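Pulled from Swiss-Prot, these are the features on record:
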| type | residues | note |
| --- | --- | --- |
| SIGNAL | 1-35 | signal peptide |
| BINDING | Tyr36, Cys56, Cys59, His60 | heme binding site |
| TRANSMEM | 286-306 | transmembrane segment |
Amino acid sequence: MQNRKTFSWVKEQMTRSIYVSIMIYVITRASISNAYPIFAQQVYENPREATGRIVCANCHLANKPVDIEVPQAVLPDTVFEAVVRIPYDMQLKQVLANGKKGALNVGAVIILPEGFELAPPDRISPEIKEKMGNLSFQFYRPNKRNILVIGPVPGQKYSEIVFPILSPDPATKKDVHFLKYPIYVGGNRGRGQIYPDGNKSNNTVYNATSAGIVSRIARKEKGGYEITIVDASEGRQVVDIIPPGPELLVSEGESIKLDQPLTSNPNVGGFGQGDTEIVLQDPLRVQGLLFFLASVILAQIFLVLKKKQFEKVQLYEMNF
């Protein structure tokens, strides 16, 4: 009887351990896959600083182009496409966190005017869904539904990202008006050079923290190097740690200066930002414009007919 109880207890503990392991794996995997948006969301309340700079540029130091395309004008309560293009050479390979080379990923943030937001799934047309692919967008904050983030996602498949946007209706949202509004966008390709805590990633150049002679270069077991620099003038030595990824530019016995690059810069990516404008158009204005154009066309037609009638009368009087 006691053996049976012991077996049941062991079985219960094993089941619980397996369940906990699975939960840890799922949580860890989710946090890694969503690393790009979470970095900005956890550190910055607003992704756009007062200077107009998007905060992603604090970690992605290289400047690269990005482009956004939206309609010139949209009607209220309408779904439209905001297309963000993040161009780069598809043949390039970036340094991964483990020091190996791999394909670049991309990410984007789009800052819409207040009232504009991600279109609900039931409002998105099949054509737009096909262009979107399997992308899953997030709100930057639960209370900032006009700021959307995406990434990291495979760059070879999603260098062009289609955001489905729903325009607001001033009839139901009193703080929205029929005006011209700015839209801001930021897009990166590849990993950053600095983490939000200020530490360097392995996707950047490493400089000497002291002047002197390189007395020893030791390769670490898991990759990377320990470079020992001896400063003869001060009689001290400094050890610079190089993570796996960057290639060494110095050798033992070499004399180096302070801040001299010890490695190459492996970064092949970068961040770019841009902006555009969109008009929330009043349907009554459109109807009024159409009515005006129609009246002008009718006036022209009547003028031509009147002129022809006058010419006929003149011709008749001359013949008479």
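Numbering starts at 1 and runs along the chain as it is shown here.
From the backbone N, Cα and C atoms, a Cβ is placed for every residue, glycine too.
Taking each Cβ in turn and tallying the other Cβ atoms within 10 Å, the top scorer among the binding-site residues Cys56, Cys59 is Cys56.
Sequence-distant neighbours of His60 (heme binding site) (same chain, 6+ residues apart, CB-CB distance under 8 A): Asn188, Gly190, Gly192, Gln193, Gly269, Gly270, Phe271.
DSSP assigns Cys59 (heme binding site) to coil in the three-state reduction, outside any helix or strand.
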